[in-house]
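One structure coming up, written as structure tokens, with questions to follow.
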Amino acid sequence: MNAPARPVRSQYEDFMRHVYTHGVAKGDRTGTGTRSVFGYQMRFDLNEGFPLVTTKKVHLKSIITELLWFLTGSSSNHWLKERGVTIWDEWAREDGDLGPVYGVQWRSWPTPDGGHIDQISQVVETLRTHPDSRRIIVSAWNVADLDKMALMPCHAFFQFYVAPPQAAGERGKLSCQLYQRSADIFLGVPFNIASYALLTHMMAQQCNLEVGDFIWTGGDCHIYSNHFEQVELQLSRAPHPYPTLHILRRPDSLFDYRFEDFEVRDYAHHPAIKAPVAV
């Protein structure tokens, strides 16, 4: 029996079109200039496919590798460069250190008594033991550490939610909502959507749950002025159905996944579109 056809979804393209059409001119830290709106939300049903943008080719290796790096708790760009990923190069210091960025806050949030909190391990434990909790949250926005970071967190806060089984023999469904305080729509947001969708799949596998929705919520949602031509090109393209994600093994813990454990199939996409990064 053939698998049912996957629907074509355009949440991301609709978002981009909305900001490009209705955004206001606004300055920014980089001096580039943006077109911006405040507040937007997208919802992706992870059972309909893996939400990897199709109107341009997205570099999946960088997304997977960066997420695995976050989960190590490392602050070193060397870890990424050793694996051929250069997306953090513009912010790395001479010694390769990035300060207490995402992974450090996820895995080693410092406490006043000199200890550390592993937020990710706490999430896994809570999903397994108290799935109805409304406190299954990870924050990267550590106010005391912001000035030490090479780049302050853009995707700053996320929460998990388990919908209970609806019938005997079913499993609960895991959803995730991200709050992204600063959203570079052309370059950054496609990475962020796919990264947190992947993390939701990994968490679900580790906690014996099905996947539900990924909800992306943005604060300052902007298109840089030097991305306008690229955005017009991308919006001229028709999206394809999302690909499917396959996790090829179940490791002993969330922290034992390897790059080769993930396979994205049937990724139909338009050609890549290059654009400068605002630093």
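Yeah, the Cβs are placed from backbone N, Cα and C, and that goes for glycine too.
According to Swiss-Prot, the record shows the following:
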type	residues	note
ACT_SITE	Cys154	active site, nucleophile
BINDING	Arg29, Arg134, Arg135, Arg181, Ser182, Ala183, Asp184, Asn192, His222, Ile223, Tyr224	dUMP binding site
BINDING	His59, Asp184, Ala278	(6R)-5,10-methylene-5,6,7,8-tetrahydrofolate binding site
Within a 10 Å radius of its Cβ, which of these binding-site residues (Arg135, His222) has the fewest neighbouring Cβ atoms?
Arg135
Whole number in angstrom, please: the longest C-alpha to C-alpha distance across His59, Asp184, Ala278 for (6R)-5,10-methylene-5,6,7,8-tetrahydrofolate.
18
Quick check for the class: what is the C-alpha distance, in angstrom and rounded, between Ala278 ((6R)-5,10-methylene-5,6,7,8-tetrahydrofolate binding site) and Asp184 (dUMP binding site)?
9
Which of the listed binding-site residues (Arg29, His59) has the least company, meaning the fewest other Cβ atoms within 10 Å of its Cβ?
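Across Arg29, His59, these binding-site residues, the one with fewest Cβ atoms within 10 Å is Arg29.
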Just report the maximum Cα pair distance in Å for the recorded dUMP binders Arg29, Arg134, Arg135, Arg181, Ser182, Ala183, Asp184, Asn192, His222, Ile223, Tyr224, no decimals.
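36 Å is the greatest Cα spacing among the residues binding dUMP.
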When neighbour density is defined as the number of other C-beta atoms within 10 angstroms of a residue's C-beta, which of the binding-site residues Asp184, Ala278 has the lowest density?
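Counting other Cβ atoms within 10 Å of each of the binding-site residues Asp184, Ala278 gives the minimum at Ala278.
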